[in-house]
Amino acid sequence: MKVLLANPRGFCAGVDRAIEIVECALKLHGAPVYVRHEVVHNKFVVDGLKNKGAVFVEDIADVPNNQVVIFSAHGVSIAVRRQTHNIGAIIYDATCPLVTKVHKEVARKQKQNYQVILIGHKGHPEVEGTLGQSSESNCVQLVETIEDVERLNLSKNMSFSYTTQTTLSIDDTQSIIDYLKLRIPTIDMPKKDDICYATQNRQDAVKILMQFSSVLLILGSSNSSNSNRLREIAEKIGIPAYLIDGIDNIDELWFKGVDTIGVTAGASAPEVLVQEVVHYLRDKGATKVIEVGGVKENIHFPVPKELR
């Protein structure tokens, strides 16, 4: 039995930065520090930070006055930002810079009187944050499917632009974009695709891996958007794919009659979990572990200067 490891996999620059911000804040201020939402969507990472003194909350109303508050990598709305300032918090923003870019684009388009169409998953914290960048509730319309595009209320006197959640499936997003262009030929496009580099690279790596694998294991938590997209890509190709938090979630029956197992990790899953899976598979009879070539990533996002 062979094990193929996707490249790139695991932590991206935005996740590295977000975790480092929490750890630096704990070192500077001591526990507790409050984090609005899970800083990244990974159980192993979140549990580790909890053990160091991070307190994760969904509502700023649950934070006492004058405490340290960190915004998660997914970003927050203007209203949440304002609410946090109002309780006298010391604020550190761990929003991924690529998400911040989308936020700034929404604000810029609003000032130019554009109606913004956001392609994303309803209820995802990144989407909630992006929707909340507009001071007008009807400035941004959310679409998830081509059917949503068909139902859009389009004013003839309005200019339109679109943007996307950064962690979507590239293929699925493109079909929605194509339909948007069909419905609104004059729609304004982002200067560059909003799907982040790490999302694209990890999806491309899975497509390569699937050419040689009989089953795919994806290290990633169930609430991780980018990890779920990796699973969906494999399943659309016709390869069984399993999203796991770690080796405790593995079922040996998945490998019955299988000679090649692909392994990857979502952008919020640490490499230590991948290596635990590799050791597990070696113990179960894997004789070869092969790193499959892919794009080399050298992007780094620095933490805020006050934490350096």
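Cβ from N, Cα, C; glycine included.
The Cβ of E126 (active site, proton donor) has 25 neighbouring Cβ atoms from other residues within 10 Å, across all protein chains displayed. In three-state terms derived from DSSP, E126 (active site, proton donor) belongs to a helical segment. Marked as active site, proton donor by Swiss-Prot on the basis of sequence analysis: E126.
In the three-state DSSP assignment, the secondary structure recorded for C12 ([4Fe-4S] cluster binding site) is coil. On its own chain, C12 ([4Fe-4S] cluster binding site) has C196, Y197, A198, A267, E297, I299 as residues at least 6 apart in sequence with a Cβ closer than 8 Å to its own Cβ. The feature [4Fe-4S] cluster binding site is assigned by Swiss-Prot to C12, C96, C196.
Within the same chain, residues at least six positions away from H74 (isopentenyl diphosphate binding site) with a Cβ under 8 Å of its Cβ are H37, T95, C96, V99, H124, P125, E126, G129. Residues or ranges marked as isopentenyl diphosphate binding site by Swiss-Prot on the basis of sequence analysis: H41, H74, H124, S224, S225, N226, S268.
The feature (2E)-4-hydroxy-3-methylbut-2-enyl diphosphate binding site is assigned by Swiss-Prot to H41, H74, H124, T166, S224, S225, N226, S268, with sequence analysis given as support. Taking Cβ-Cβ distances under 8 Å and a sequence separation of 6 or more, the neighbours of S268 (isopentenyl diphosphate binding site) in its chain are F11, V15, V40, H41, N42, V45, A73, G220, S221, S224, N226, S227.
Annotated dimethylallyl diphosphate binding site per Swiss-Prot: H41, H74, H124, S224, S225, N226, S268, in sequence order, evidence recorded as sequence analysis. Sequence-distant neighbours of S225 (isopentenyl diphosphate binding site) (same chain, six or more apart, CB under 8 Å from its CB) are H41, H121, H124, E126, Q165, T167, L168, listed in sequence order. DSSP classifies S225 (isopentenyl diphosphate binding site) as helix under the three-state reduction.
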Spatial neighbours, same chain, of T166 ((2E)-4-hydroxy-3-methylbut-2-enyl diphosphate binding site) - Cβ under 8 Å, 6+ residues apart: C96, L98, V99, V102, E126, D194, I195, C196, T199
Densest Cβ neighbourhood among H41, H124 (binding-site residues), 10 Å radius: H41
